[in-house]
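Q: Handing you a structure now.
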Amino acid sequence: PLTFILTGIPGLLMSSYWMALPLCCLYLLMLLGNCTLLWMIKTDHSLHTPMYYFLSMLAVADLGLSLSTLPTMLAIFWFESTSLRFEACIVQMYFIHSFSAIESGVLVAMAFDRFVAICYPLRYASVLMSSLIMKAGGVIFMRGICVVLPVAILIKKMPFCGSHVLSHSFCLHQDMLRLVCGDVRVNSLYGLIAVILTKGLDSLTILLSYVMIIRAILKIVSQEARAKAFSTCISHLCAVLIFYIPLIALSIIHRFGKHLPPLTHTVLADAYLLVPPVLNPLVYSWKTKQIRRRILILLRWRG
């Protein structure tokens, strides 16, 4: 059976437990942070608002994205197991790209939430009703599932010959496509279309939303009200930057950075998949008063 060889961190011994321990800590922090967010939003009725419903969707996408990479990352650094069956690699690639597209869509929904809250505050409750939020969540998840499915189907039919060594500790579409020994024009074209339909459109929508949000904020006369309105967007802006900066950097590196050392590709790919799920709960816990207050109450009760 066709088997791929995964790569750890270039220049690092596979049995380096000083690398495995921080990875385990990152995954535990990700699980603790996102599960705590979901638990608080579920149990606290004051958090049953559109903003926190979208935040719970973001936490689910972060959990899915991290858990997609968890098996191979820990297998490499804990058990020195680098081989992965072709079918398992395709499944992992599918889930990584699907949850990435879902997270991008959730960030768009959160941008729309902030746009309505600041530009049309009196219509916020009538626009963002529970039925609309459920439909938006369903569309976001279905888009992520359906758009990436042809990517997995197309690459499953490709012939692989020569080297089977991947550049990362997990399977990515661009990395697998590099090892195909047949014509990859259809795969590359659909991969580009999938990226444009998801992250391309999403980033433009978020940018347009914030252009209109900034215009609305600048029209506010009171300096204090202007600062308060902008502060409600800080957490979402941080989440957008945390997600899109590594993604854009990784895309540029894959296209134009073939001369760069392998360590650069590895670090950017790991940052793209590990950093957002770890930092998003911390950012929202730090910048959102309701969540911060609930955490403090929980810590005092435990103490």
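The chain as shown is numbered from 1 upward.
Cβ coordinates are placed from backbone N, Cα and C, and glycine is handled just like the others.
Bear in mind that TrEMBL entries carry predicted annotations, made automatically and left uncurated.
Since this is a predicted model, take the numbers as computed values, not measurements.
Heads up, here are the entries from TrEMBL:
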{"type": "TRANSMEM", "residues": "20-41", "note": "transmembrane segment"}
{"type": "DOMAIN", "residues": "33-284", "note": "domain 'G-protein coupled receptors family 1 profile'"}
{"type": "TRANSMEM", "residues": "53-79", "note": "transmembrane segment"}
{"type": "TRANSMEM", "residues": "91-112", "note": "transmembrane segment"}
{"type": "TRANSMEM", "residues": "132-155", "note": "transmembrane segment"}
{"type": "TRANSMEM", "residues": "189-218", "note": "transmembrane segment"}
{"type": "TRANSMEM", "residues": "230-253", "note": "transmembrane segment"}
{"type": "TRANSMEM", "residues": "265-284", "note": "transmembrane segment"}
Q: Would you say the transmembrane segment (20-41) and the transmembrane segment (230-253) are in contact under the rule of three or more C-beta pairs closer than 8 Å, pairs 6 or more apart in sequence?
A: no
Q: Would you mind giving the whole-number mean pLDDT across the domain 'G-protein coupled receptors family 1 profile' (33-284)?
A: 87
Q: Look over the recorded stretches 91-112, 132-155, 189-218, 265-284 and say which has the most C-beta pairs under 8 A to the transmembrane segment (20-41).
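A: If we count Cβ pairs closer than 8 Å to the transmembrane segment (20-41), 265-284 scores highest.
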Q: Pairs 6 or more apart in sequence, C-beta under 8 angstroms, 3 or more of them: is that satisfied by the transmembrane segment (132-155) and the transmembrane segment (53-79)?
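A: Yes; at least 3 Cβ pairs under 8 Å.
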